[in-house]
Amino acid sequence: MARPAEDPKDVSATRVPKVMYLVFISLIMDLLGFTMILPLLPSLLDHYRKQDSVLYSWLENVAEAWRSNFLVSTTANDVSNIVLIGGLLGSMFSLLQFFTSPIIGALSDVYGRKPLLLLSNLGSLVCYGLWSVSYGFETFVLSRIMGGLSRGSVSICTAVVADVCSTQARAKGMALVGAAFSIGFLVGPVIGAVLAKSADFWVTPALLAIGSISLNMIVVLVFFTESLPQSRRAKNISRTMSTALNYINPYALLTFAPVQKLSIKDKAHLTMTGFVYFSYLLIYSGLEYTLSFLTHSRFNYSRMDQGKMYFVIGLSMVLIQGGCVRRIPPHLELKAAYYAIGILIPCFFIIAIAHSPILLYIGVLLYALSTAFVVPCLSSHVSRIGSPTQKGTIIGILRSIGALSRALGPLVFSTLYWSQGPILCYALGSVFFVIPLGCIRWKLLGERTKSA
């Protein structure tokens, strides 16, 4: 059903539809279960290491073989093996999400948002159910596989924004999605840490995750009105799925191949921005993923200590995004991203050498400051390229590039952490940020200077 033309002066066109507030609540309930595991992961893997697990023992034997065959540093030991195995699990989860999210999104274009959102939540329910009974490592791995396969809710909720929001209200709709993420990552880790009290410390957080996702399914089933009417759904499922497959082709993603009819200049600018996004997130996600393992081994952080650290990070990000980031004018977005990435160089050097909680938290606060700026600024910058009919495709590709980066980063940097130790891992990571910095400075900002 075609929408009436939107009058830019019409106040109602700038309002966020009520269904978006339902999406906001649904996302928070979904993200609570997803984030509660974050402060528990090092303790969980330490718990499984002490068990007689066939799969865990096999993975450790593989690690030992790598160590002897590739002359890995003697800093690698049983404790650092946890980091390597954790990185493998993190990359596996993100890789499965990278493959399934575009497919779930494409199926929702054909069958509607509501059925696929319920199906995604059902997969999460199975994931948390397996987690609650994961007394063995094999069951825990199975729960992570199920979780990665069913993480399509974010792409569906993003599609709902495009379905129901006018052009003027779309930015506000996306801001609500971002706010749900901030709240989920602020509250979830703390709840997980607080509830992890018993010997089987993961059971209570897992049961709460089951309750949260079950309530979410009821809310979606009863109150969510389908946002994509039959008249606007894709009719050809094979063509829709073929388009979705472009989102899991790394070369097509990094060259923005699905985006047609762009000028050569815009295509080159978009491709370079995509590479900046990819290289930044690959390094960032790898160092981010190993942070809880670093505090666990170096500072002997308990699950509650981990929860407090994530709370400080989340609260700092919420305050910075609410107070500063949303006020950045479009012409300064690239510069803001440039300086924010630059902050990560001293940030991770500080974390690399930190042997006191005070120094660690200085690094962590710099980390939160940078994190609050980079992705929102780059995403907003990219959304201004192309025609209105191309923006959904461009943003979708950027999200897939981010998912690919997060699939590679944890494995790459957990391997570096395992083989060379945390100091060299974080120091090299700091240096690697020169790559996206240089691309912004000499390619993107330099290009703008030449055209001025």
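Glycine is no exception: its Cβ is also placed from the backbone N, Cα and C atoms.
Heads up, TrEMBL stuff is auto-annotated, nobody curated it.
Feature annotation from TrEMBL assigns domain 'Major facilitator superfamily (MFS) profile' to 19-450. The domain 'Major facilitator superfamily (MFS) profile' (19-450) scores a mean pLDDT of 87 in the predicted structure.
Long-range neighbours of the transmembrane segment (21-41) within the same chain, counting only residues 6 or more positions beyond its ends whose Cβ lies under 8 Å from a Cβ of the stretch, are 86, 117, 121, 124, 128, 131, 147, 151, 153-154, 157, 160-161, 176-177, 179-181, 183-185, 187-189, 191-193, 195-196, 201-202, 205, 208-210, 212-213, 215-216, 219-220, 223-224, 292-293, 303-304, 306-307, 309-310. The transmembrane segment annotation in TrEMBL covers 21-41 (among others).
Look at TrEMBL and you will find 82-104 (among others) tagged as transmembrane segment.
Per TrEMBL, the feature transmembrane segment maps to 116-135 (among others).
The feature transmembrane segment is assigned by TrEMBL to 141-162 (among others).
Among the features that TrEMBL reports, transmembrane segment is placed at 174-196 (among others).
Summarising the annotation, TrEMBL assigns transmembrane segment to 202-225 (among others).
The annotation transmembrane segment is assigned in TrEMBL to 268-287 (among others).
What TrEMBL records for 307-324 (among others) is transmembrane segment.
The transmembrane segment annotation in TrEMBL covers 336-354 (among others). Sequence-remote contacts of a segment are chain residues at least 6 beyond its ends whose Cβ falls under 8 Å from one of its Cβ atoms, and for the transmembrane segment (336-354) they are 276, 280, 284, 287, 291, 294, 298, 325, 328, 360, 362-364, 366-367, 369-370, 372-374, 377-378, 381, 422-427, 429-431, 433-434, 436-437, 440-441, 445.
Annotation source TrEMBL lists transmembrane segment at 360-382 (among others). Listed as Cβ neighbours of the transmembrane segment (360-382) (distance under 8 Å, sequence separation of 6 or more from its ends, same chain) are residues 178, 270, 273-274, 276-277, 280-281, 284, 295, 299, 309, 312-313, 316-317, 320-321, 324-325, 328, 330, 333-334, 336-337, 339-341, 343-344, 346-348, 350-351, 354, 394-395, 398, 402.
With a cut-off of 8 Å between Cβ atoms, the residues of this chain six or more beyond the transmembrane segment (394-417) that come close are 80, 83-84, 86-88, 90-91, 94-95, 97-98, 101-102, 105, 155, 158, 247-248, 250, 253-254, 256, 258-259, 270, 274, 277-290, 293-294, 375, 378-379, 382-383, 385-386, 424-425, 428-429. According to TrEMBL, the feature transmembrane segment maps to 394-417 (among others).
According to TrEMBL, the feature transmembrane segment maps to 423-442 (among others).
Using a cut-off of 8 Å between Cβ atoms, the transmembrane segment (174-196) and the transmembrane segment (307-324) share at least three residue pairs, counting only pairs 6 or more apart in sequence.
Tertiary proximity for the transmembrane segment (268-287) is limited to same-chain residues at least six positions away from its ends with a CB under 8 Å from its CB atoms, namely 87, 94, 253-256, 259, 262, 337, 341, 344, 348, 371, 374-375, 378, 381-382, 385-386, 394, 397-398, 401-402, 404-406, 408-414, 416, 425-426, 429, 432-433, 435-436, 439-440, 443-444, 447.
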